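Residues or ranges marked as region 'Disordered' by TrEMBL: 1-66. Summarising the annotation, TrEMBL assigns compositional bias 'Low complexity' to 7-20. The feature transmembrane segment is assigned by TrEMBL to 88-109, 121-140, 179-202, 214-233, 265-283, 389-409, 430-456, 476-506. Taken from TrEMBL, the feature domain 'STAS' covers 541-658.
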């Protein structure tokens, strides 16, 4: 059977070897890189010698070459650019170049918008954030299509931290407060980089599976509402009045907007802003009708609106009518382009911004890993969450050396477009970053009419789904995250939602999954009563329990309570105040075929539980015990407690003993009665 499996599904390395022997040399650079990565990973896991291999005679030269080859494989695995750059095929350059240009045309107006409207910083900080981290990630990241740049939600989180600290100054909008904003952004980006890097270094990439979808949807919905309120204020021309009133929370800003949107709005600004918004919506609708015409479908509508706004602003002198325009922008934010972020002026905000940095690091990684996994599945390669964390951390650490740079992470939308247009390697990210840097240093003065920023909020359609499914816990988490983010701030909403999600994970993992087994009539097969209506419990007082997961300190703590409920109520979910539905248990049989491991704490708790049952006079049997768990039970003295006769190969053997003892007792009672 094993030979058949091997022949049906040959490993990738075998296929490559066969191709080489046949004289066919058509392995693509992507395949070569993936093969080298898999080989390096196998070397890490297997060690220097394979099991059963013949060890050649000792040769120092050979050892030296092997060590050198192994070092090269390690470097290629941990620094993917050392693998794909030397083997890069120029046949891929056309697609990568087109993808880089396309994504850059989206990012230039987007990143300026995120920096000015959401992060409350200079527009140039957004452009540097869209270029420098992307270059570092392209060299260290394992995803070929992931585009790393500022994100709306993360820029908003940083902007709230900047605004909160600026409010402590007499004039939150003067030059001194602007320098404070740069320091706050720098120290947050530095912390985000360190947190992400350390999470990857200590192999904590599994955090992407512990957060609920409801939490993320609540967060996204709240961000959409907050961004909408932040955008409407300048669109109605209320920025100057906002600085006078100075509302703090999103709720206060919403009240301010409702009070002043129709009474104190600026007509020219309002007309221009909403005309631009409707133009974006119209262009998006037109593009969706021409999905098969690539040059129309890939047209960056945001860039089109920005360019048209720039031309019209210059032709009609909108600034003379009181419309706020961006104007000329200096590409240098502070005294020097590059500064060491480990400065006292930055570290004075360290403690106050750590919680924001943690939230940004976690949320940013979740978005990035989802985008990376989607593209990896689409184009047929693997992704390591830990290596992605290290690459994202290094990218943000590099970005923190430019004052005011925003945290940068992967985007699902941009990464999908990157792959759709033709991006097949990390070269697309290098092209994208290069175009943005070119625009920053040579083309930025022409972007003087940026009036409206297009940020389309995701509609939380999951609400209807959760309502239909009756998922009240998910709805509660989503609502809690959403309303706390609006009434308080996004950081509080995310942290509270995160804590609730983690508590739910712990709560669910603490409940051991187990079921009651019954016999299929006329057979010696035992199946779960819930899943098999024909199964039935044939012997009164006998409870057969199948534990369906590994035992550890978390899920074994409540094992006693779970077993007690099974004894009283069986498979029915009843309130503890209800009367028992089962006879008192006299024999308890454990089916442990699904238990592959049992840690020391779980073994200790299990020993105490069995000892309690034994003192109650309950007969005990353990069946289908795996060798690894058996070794643990021997060390925990469970074998000594129960004796060898309690351990049977299967349930049928245990039930034969139980039913035989029951028959003996019946015969004895009948004999005594006849006498």
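Yeah, the Cβs are placed from backbone N, Cα and C, and that goes for glycine too.
Because the structure is a prediction, the values reported are computed rather than measured.
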When you check the transmembrane segment (179-202) against the transmembrane segment (389-409), do you get at least 3 Cβ pairs under 8 Å, counting only pairs 6 or more apart in sequence?
-> yes
Please work out the mean pLDDT for the residues of the domain 'STAS' (541-658).
-> 86
Per the 3+ Cβ pairs under 8 Å rule, pairs at least 6 apart in sequence, do the transmembrane segment (389-409) and the transmembrane segment (88-109) touch?
-> no
